[in-house]
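**Q** My questions all concern the structure below.
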């Protein structure tokens with residue numbers, strides 16, 4: 001069924017000037033949306049554009065402030081997710097709600113009404129999973145499954161209710177390109193059966209590939225409704241962001257300097273039962289290089305960052321060296337004093353303390369590297385708040401950090417602005433080595449491009465930059481070399497221009513040197 | 001039906017500041033109801049409880065005497081709690097400080113020197129700190145819960161003191177009463193001013209509280225305490241060690257509790273006996289929270305809680321009610337402080353939906 005054919009009848013779901021106010025802030029402002037039967041409809045927008053709020057209203061998690069929801073032409077009120085399910089709306093959340101210690105069938109049974117036997121659930125689940133090409137073993141424990149498989153549980157769970165509309169929230173953010181392809185096949189099957197899909201994403205290529213129509217949101221308003229196949233990525237991005245996003249100029253012509261960061265046979269046992277062990281990780285980053293480490297979440301990225309930053313030092317001094325000096329057994333402070341800077345993945349509670357003002361969060365990262373400037377009184381260590389505030393202001397200005405006051409609590413900044421500050425805090429020192437984990441995770445497009453450009457510029461100035469990222473677009477924008485991490489193992493690094501998405505996808509699955517055919521059946 | 005606490009998006013700053021006073025007001029009201037229920041006139045009872053002690057010099061001195069250990073311990077505990085270490089065993093550290101400090105005047109009672117008193121104070125601090133080192137070690141290296149270990153060690157300290165004064169340290173001149181010999185005059189903490197009994201312990205308390213306030217406000221150490229208390233992970237990123245912070249905060253609070261212990265014994269009691277504290281170590285927890293974990297606030301809170309002790313004694317005499325009334329007031333106060341704080345940060349939401357419905361899906 002094509003988009004044109006479907007638009008003749010009445011829409012399955014129609015939304016009329018739906019508004020949600022949080023206080024005086026309009027998260028969704030008079031949204032209109034039509035979803036036809038049998039179409040894959042994209043909902044596009046940056047973080048904070050109101051996508052999640054809209055979807056939560058459709059699924060009964062939030063109550064709209066005003067406006068109407070029409071289901072098959074009838075006005076409806078959706079007070080709870082249960083009511084949404086009874087209407088025929090299913091949802092797959094971005095963050096899964098699964099119990100790791102239980103089996104697939106048990107997790108599915110939890111979402112159904114009590115009294116249905118577990119074996120019946122298992123039977124029905126495996127029937128559905130085969131029908132839609134979502135192979136799942138009902139007896140497997142969730143803890144043993146990959147992220148892609150966990151997502152399948154959520155999808156099967158939604159399908160068991162026989163929904164007419166399935167909402168998918170950023171489904172591919174946790175998948176390898178190959179896993180994503182399989183998901184798209186499933187979506188095509190659902191569409192062929194006449195079911196509708198509301199597909200939330202900010203990945204333009206995917207949307208162009210699989211969606212029949214798109215609604216674009218910005219600042220809580222609809223800024224465009226279009227057929228994504230008729231648009232270019234640039235025109236879609238313009239609708240999302242409201243202006244042209246500055247494209248990042250890559251560091252192609254850098255002069256390569258000495259090796260400034262090196263890991264030699266770095267092995268770290270798993271600290272907790274849910275952590276990943278690092279196995280024999282070797283990497284080298286020269287001055288002027290940006291080495292990007294791709295990989296699906298949960299394959300040892302956090303553990304690699306911990307070992308390289310010295311938050312959890314390793315016993316062997318030679319396993320990590322910074323500017324040619326062995327640093328494996330040194331803590332993060334010593335490594336900072338050797339000229340390294342670090343940006344962890346989690347902003348709140350790791351890179352920054354949300355309740356403390358920005359200036360205190362500057363002291364957080366630089367209390368020893370800038371001891372002479374920031375502290376007085378010798379061993380007493382009296383913080384010179386006035387000096388710190390001036391430095392903090394300088395960083396905010398350089399990185400264009402938008403904030404509500406002179407020195408607000410870090411937690412009051414938006415994700416993008418806080419991330420700009422956190423990156424700026426390190427860049428302000430001109431570190432010889434910068435290690436960044438997920439630099440633009442959950443950050444709006446404007447801030448992301450600013451941060452990426454800053455990383456590229458730092459490398460141009462002769463520093464070694466290591467970027468750990470799940471976002472392939474980002475990797476291709478900033479990297480001069482690319483390596484892939486999978487189950488705690490790091491692949492060799494390849495020059496960025498020699499790699500394709502497909503090759504990276506194979507490396508992500510840990511399929512070194514196997515043919516594509518074998519890979520397709522690996523999951 | 002289910003009751004949920006939902007975090008408020010914008011907790012009121014005004015109410016956060018007013019919270020301790022609100023709690024005080026509620027305590028007084030609840031106390032009045034309690035007096036009425038046991039058949040006493042609430043107005044005159046509250047008057048003799050809260051106002052009368054403020055009107056004469058003698059009881060003002062008593063308040064200073066009782067506030068001293070509360071402030072000393074409370075200020076130390078505030079550092080502990082700020083850094084997310086929950087030392088509940090200050091009562092035990094108080095007792096062990098008293099015992100360690102008393103080694104000099106009890107065991108070496110023939111030694112007379114101006115060094116006796118300073119040595120006692122130092123021993124007292126070391127004794128309290130070493131006793132706090134036990135839960136610190138267990139937490140830092142065995143990952144045990146310091147709330148349980150520090151609390152259980154209180155009872156050990158109490159029984160150890162009991163055994164000492166009945167056994168090896170019992171005074172030969174006390175007709176078999178369970179007390180040590182009286183401390184020599186040079187082992188007695190001098191009085192602060194001529195008008196009454198209040199001793200140097202109160203000065204120690206004020207100095208310690210102001211010192212800790214300066215540390216928290218101006219130094220990197222204070223910053224480290226705040227950061228590690230809010231997020232261990234951010235502290236690690238800053239290069240701070242949460243293990244070292246366990247040691248620092250436990251030893252500091254233990255040392256101050258020990259100093260309070262020896263000051264109490266040397267300044268007020270003059271010997272060791274089976275009971276040397278009316279629960280100062282526990283009451284100081286209330287002081288710490290009532291004072292907003294801010295050492296200056298703790299001075300005010302300590303003075304107020306000391307008033308409840310003195311007022312409790314007063315109503316015991318004038319209205320012949322049980323001295324348990326003091327504990328009831330203190331309990332009420334902690335209850336109201338914590339509930340005011342909670343309700344300022346959170347709002348109560350009643351959820352009437354069926355369990356089956358609410359467990360469907362991951363709609364969060």
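Cβ coordinates are placed from backbone N, Cα and C, and glycine is handled just like the others.
Just so you know, TrEMBL annotations never went through curation; they're auto-generated.
Features from TrEMBL:
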- B:12-38: transmembrane segment (TRANSMEM)
- B:58-80: transmembrane segment (TRANSMEM)
- B:92-109: transmembrane segment (TRANSMEM)
- B:115-138: transmembrane segment (TRANSMEM)
- B:147-165: transmembrane segment (TRANSMEM)
- B:198-216: transmembrane segment (TRANSMEM)
- B:245-263: transmembrane segment (TRANSMEM)
- B:275-291: transmembrane segment (TRANSMEM)
- B:298-319: transmembrane segment (TRANSMEM)
- B:325-344: transmembrane segment (TRANSMEM)
**Q** Six or more residues beyond either end and a Cβ under 8 Å away: which residues meet both conditions relative to the transmembrane segment (B:92-109)?
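**A** That would be 69, 73, 116, 119-121, 123-132, 150, 153-158, 160-161, 164, 169, 180-181, 183-184, 187, 253-255, 257-262, 264-266, 272, 276-277, 280-281.
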**Q** For the transmembrane segment (B:12-38), give me same-chain residues lying six or more residues beyond its boundaries with a C-beta closer than 8 angstroms to one of its C-beta atoms, as numbers and ranges.
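**A** Counting only partners 6 or more residues beyond its ends, the transmembrane segment (B:12-38) has Cβ contacts under 8 Å with 45-46, 49-50, 290-292, 297, 301, 304, 321, 325, 328-329, 332-333, 336-337, 339-341, 344.
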**Q** Considering only Cβ pairs within less than 8 angstroms, which of the stretches B:58-80, B:115-138, B:245-263, B:298-319, B:325-344 has the most against the transmembrane segment (B:275-291)?
**A** B:58-80
**Q** Could you check if the transmembrane segment (B:147-165) is in contact with the transmembrane segment (B:198-216), meaning 3+ Cβ pairs under 8 Å among residue pairs at least 6 apart in sequence?
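**A** They do not touch: fewer than three Cβ pairs between the two stretches lie under 8 Å.
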**Q** Rank B:115-138, B:198-216, B:245-263, B:298-319 by Cβ pairs under 8 Å to the transmembrane segment (B:58-80) and hand me the top one.
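**A** Stretch with maximum Cβ contacts: B:198-216.
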**Q** Do any residues of this chain, six or more beyond the ends of the transmembrane segment (B:245-263), have a C-beta under 8 angstroms from a C-beta of it, and if so which?
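**A** Sequence-remote neighbours of the transmembrane segment (B:245-263) are 68-69, 72-73, 75-77, 79-80, 83, 85, 87, 90-91, 93-102, 120-121, 123-133, 135-136, 139-140, 146, 189, 199-201, 204-205, 208, 224-225, 228, 235, 276-277, 280-281, 284.
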**Q** For the transmembrane segment (B:325-344), what are the same-chain contacts with Cβ under 8 Å, counting residues 6+ beyond its ends?
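**A** Result: 5, 8, 11-12, 15-16, 19-20, 22-24, 26-27, 30-31, 34, 49, 278-279, 283, 285-286, 289-290, 305, 308-309, 311-313, 315-316.
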**Q** Mind checking which residues reach the transmembrane segment (B:198-216)? Cβ under 8 Å, same chain, six or more beyond either end.
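**A** Contacts of the transmembrane segment (B:198-216) (Cβ under 8 Å, skipping residues fewer than 6 from its ends): 61, 64-65, 67-72, 75-76, 78-79, 82, 189-192, 222, 225-226, 256, 259-260, 263-264, 267-268, 294-296, 298-299, 302.
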